[in-house]
Every structure is written in structure tokens, then in C-alpha cells.
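Pulled from TrEMBL, these are the features on record:
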ACT_SITE  Asp12  active site, nucleophile
BINDING   Asp12, Asp14, Asp177  Mg(2+) binding site
Amino acid sequence: MKFTDKKMICFDLDGTLIDSVPDLALAVNEMLTALGRETFSEETIRFWVGNGAQMLVKRALLGKREVDEPVDEAFFANALEIFLSFYKKRLCTSTRPYPHVLETLQALKAKGYRLSIVTNKPVEFVGPILKGLGFESLIEYYLGGNSLERKKPDPLPLQHLCSELGITVGECVMVGDSKNDIQAANACNMHSIGVTYGYNYGEDISVYGPDVIVDDFAEILKFL
Ligand SMILES: O=C(O)COP(=O)(O)O
Ligand SMILES: [Mg+2]
């Protein structure tokens, strides 16, 4: 299949364009150490990424993915601040683009697509990461998890993106690694591409019904 009538591609960031877990895990463990808590392996923390910094910190404080018990608000607020201050210092130390990301973005841009990002990551980190990895000039517009009142899997950021850039939802395709991306796209009738190499809490992305699934980022060129 080939998508027709698309003008813009909206990418997820963590787990789709970049493998940011090494730096996120480092900051999570620095926070836990500062709080006198036990630390976790990168592999464990990988399953906690996807719903933004607040949820990541809550999961780390509870030591599990399900946030099914109350976390003391003041303790949580302090922990979040510690995490953000550690992460801010090392946004791109070990964070790397996945294979073929840069050249594929360049190829899509050369084909005339407008390129954007909707991530659940705090928006203040997005610009420095794009700059640090050399994507800055390729991405026209981005929204973070704290840019609007609701984040993915809510469709609001995708709808907001389209209206800001003056295109219809039908003219955009979402590319993401997690169910949050696919559910957000499905909720506003946007086509979507699921990538299999990222972080989907250990779940198979096909369960969420993306229109296309790819194992390598460069494969998306076949459909656009
Ligand atoms: O940082 C997160 O929790 C998720 O970020 P993403 O939406 O770019 O995958
Ligand atoms: Mg992601």
C-alpha cells in the first residue's frame, strides 16, 4: 500500500526517532539514589517510558509500571524536580537516533513532506535534543507532553498540530512506537505507521491497529 494525499508526517520522538532510554534511565537512577532508593536496570526502566516525565517518575518511585497506589504529592514533586534537573544536564550523552533516521527524514523532506513531532516528553527538552542530534532544521513544528492540557493517547495534540499548520487530519500520518501514538491517531481518524523497535511496554504494536508496521525506520519511504 501507499499513502496518498499526505502533506505532513508527524513523528513520535522517544522510541521512534531516538533511543533516549540510556539517558532517561541514568537520570531516573540518579534521582532514586539521591532519594536513598534502590535503582533499576535500563531494561526495566525501558518499560516505564511512554507517558511523559511525571509518569516515569511515579513508576520509578513505585518500582513498577502500574501506578495503582497513591504517591505522596510533596515527595513526588521533589522527586520530579530532581529527575528533571539530572536529565536536563545529559539529554544527549548516550541518546542516539535509530538507524537510518537522519537520511530518511532528509529524503522525506526532499520529497516535499512537512515534518513535525508530537511527543509526550516535556517540551523544554525537545529543542535541545533536536539540536544536539542535528535534526533541528528538518522539523518544522513540535509539541511536547506539557504543551497542551492533554497528551497522547488523547488526540488533542495531533488535532492541534494539524490546525496550527493549516492541514487536515487526513493529510497527516502519525509514525510511532507506542500504543499512545496509534491510539491518538485512531481517535482522530489519522492514518498511522507503527515501528517495532521502540518501547511499547513490551507489547506488540500490531495489537493497536496501525495501518502499516515497519521494523526499520527507512521502510516508511516505501509507503510515502
Ligand atoms: O518521554 C516519554 O514518556 C514518551 O515520549 P514519546 O511520546 O516521544 O515516546
Ligand atoms: Mg515513543
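Cβ coordinates are placed from backbone N, Cα and C, and glycine is handled just like the others.
Taking the C-alpha positions, the distance from Asp177 (Mg(2+) binding site) to the residue listed as 'active site, nucleophile' comes to 7 Å. Once Cβ contacts within 10 Å are tallied over all protein chains shown, the recorded positions Asp12, Asp14, Asp177 are led by Asp12.
The Mg(2+) site, placed at the center of the C-beta atoms of Asp12, Asp14, Asp177, has further neighbours from the same chain whose C-beta lies within 8 angstroms: Leu13, Gly15, Thr16, Leu17, Gly50, Thr119, Gly176, Ser178, Asp181, Val195, Gly198, Tyr199. In the three-state DSSP scheme, Asp14 (Mg(2+) binding site) is classed as strand.
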